[in-house]
Amino acid sequence: MHQLTIAELVKGLRNKDFSSTELTRHYLDRIARLDPVYNSFITPTPELALQQAAEADRRLAAGNAPLLCGVPIAHKDIFCTDGIRTSCASKMLDNFIAPYNATIVENYLADGVITLGKTNMDEFAMGSSNETSFYGPVKNPWATDCVPGGSSGGSAAAVAAHLAPAATASDTGGSIRQPAALCGLTGIKPTYGRVSRWGMIAFASSLDQAGLLTRTAEDAALLLNTMASYDAKDSTCIERDVPDYTATLNNSLKGLKIGVPREYFGEGLNADTAARVQDAIKVYESLGASIHEVSLPHTHLAVPAYYVIAPAECSANLSRFDGVRYGYRCENPTDLADLYKRSRTEAFGDEVKRRILVGSYALSAGYYDAYYSKAQKVRRLIRQDFVDAFKQVDVILGPTSPSPAFAFGSKTKDPVAMYLEDIYTIATNLAGLPGLSIPCGLVDNKPVGLQLIGNDFAEGLLLNAAHQFQQATNFHQLTAPGIE
Ligand code: GLN
């Protein structure tokens with residue numbers, strides 16, 4: 001059963017090949033048996049999952065169940081889940097039981113989707129390797145001495161190890177697409193505002209976006225249909241109809257104009273990764289697309305601008321964790337200042353502290369103009385690069401990350417080396433655009449990803465282009481060695 005895609009599970013449930021209870025039990029058994037190796041879950045939710053599955057089986061038997069009813073998925077532990085610990089992989093929230101559901105979780109529950117549990121991640125989604133989690137690192141199923149990518153590393157490893165058929169994730173600068181690339185999965189970050197952020201613990205509010213990690217583009221389309229909705233509780237959520245993303249998957253790519261940015265193939269890109277991306281370009285040509293060189297001239301400024309804006313927003317967002325209202329509180333504080341100081345000192349990890357310090361500095365009166373306002377101006381220029389490029393082409397194509405999965409510890413001593421992991425993904429968040437990663441081959445027996453970037457609300461086109469690639473290739477069907 002765990003070999004099946006979501007599309008196949010939907011059919012199997014309807015044909016009564018298996019019940020949701022059988023399917024859910026099967027996945028829960030795999031999690032209990034195999035996850036001690038990967039550490040991809042922080043909190044599995046077996047009892048809840050089986051209750052939900054029993055209810056889904058009743059709805060399926062009644063005959064009018066929603067399409068995804070009875071399908072199990074996992075949720076990144078950044079999404080609030082009513083009555084379940086929602087830790088954001090931080091000691092700060094280790095004891096936090098969310099009192100409500102994130103809107104996207106609510107959307108899935110309404111459709112009868114089963115919650116297998118909450119997945120591991122970098123602390124507060126800050127990282128590219130899942131090494132900053134309070135609950136320990138996640139291992140990449142393709143090579144257990146290597147990272148799965150981050151920050152949605154738990155969601156990615158769970159799907160790659162077939163411990164869940166799909167998982168929710170979030171992407172502030174690449175946290176869906178880079179783990180998708182490193183674990184051989186399909187990962188989509190929708191347009192900013194397409195999916196509600198309500199109940200998703202905020203890191204950098206102007207960049208954060210919820211999305212999905214799946215095995216195929218078709219599965220991502222099926223799941224995005226439920227995830228995307230207008231939500232009045234998120235003031236940045238856009239009121240716009242959600243198309244049926246599965247309806248356009250089979251559109252022909254004849255005449256599609258694909259732009260390849262010259263800045264994405266420069267120094268720092270692993271030569272074998274570049275070769276796999278070049279091969280993918282040939283596949284698109286054979287499908288009838290035309291390839292055009294484009295330029296995104298401010299690409300080199302994306303990482304520096306992000307590492308001012310994201311820490312600035314995080315320093316404001318994380319000020320709510322003060323030891324007073326919820327989360328960790330230090331023992332025996334002597335006064336209020338001591339309570340704040342020790343609660344935050346004891347419960348935040350090093351990377352989170354580094355970001356809060358950088359962000360507070362960039363926002364301080366003396367440096368605001370020099371750093372924060374400057375970064376916002378650069379952000380505008382980065383967005384303009386894409387606006388100009390999309391006058392010439394429909395989709396932009398390039399690598400997702402500069403190299404395949406790297407060994408644990410190899411970048412933790414050098415934050416800048418770690419930050420460069422997201423060199424091709426970060427600009428998309430700064431511009432608010434949708435981006436997607438699909439597997440395009442192996443390098444040293446580890447997967448590498450192909451990134452497709454679309455114009456505002458072009459999720460349907462991206463999924464169509466990804467699906468057509470997956471009809472013509474089998475990279476998405478490769479399974480990590482040892483995963484039966
Ligand atoms: N790796 C980037 C960071 O550390 C992006 C993380 C994310 O997208 N959540 O901030």
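Note: Cβ is positioned from N, Cα and C throughout, glycine not excepted.
What TrEMBL says about this one:
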- K76: active site, charge relay system (ACT_SITE)
- S151: active site, charge relay system (ACT_SITE)
- S175: active site, acyl-ester intermediate (ACT_SITE)
- 22-463: domain 'Amidase' (DOMAIN)
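Note: the Cα of K76 (active site, charge relay system) and the Cα of S151 (active site, charge relay system) are spaced 10 Å from each other. Rounded to a whole number, the C-alpha distance linking S175 (active site, acyl-ester intermediate) with S151 (active site, charge relay system) is 5 angstrom. Mean model confidence of the domain 'Amidase' (22-463) amounts to 97 (pLDDT, 0 to 100 scale).
The number of other CB atoms found within 10 A of the CB of S175 (active site, acyl-ester intermediate), across every protein chain shown, is 36. Annotation note: K76 (active site, charge relay system) sits in a strand segment as assigned by DSSP. K76 (active site, charge relay system) has a Cβ environment of 33 other Cβ atoms inside 10 Å. Sequence-distant neighbours of S151 (active site, charge relay system) (same chain, 6+ apart, CB under 8 A from its CB) are M121, D122, A125, M126, G127, S128, N130, T132, S170, T172, S175, P179.
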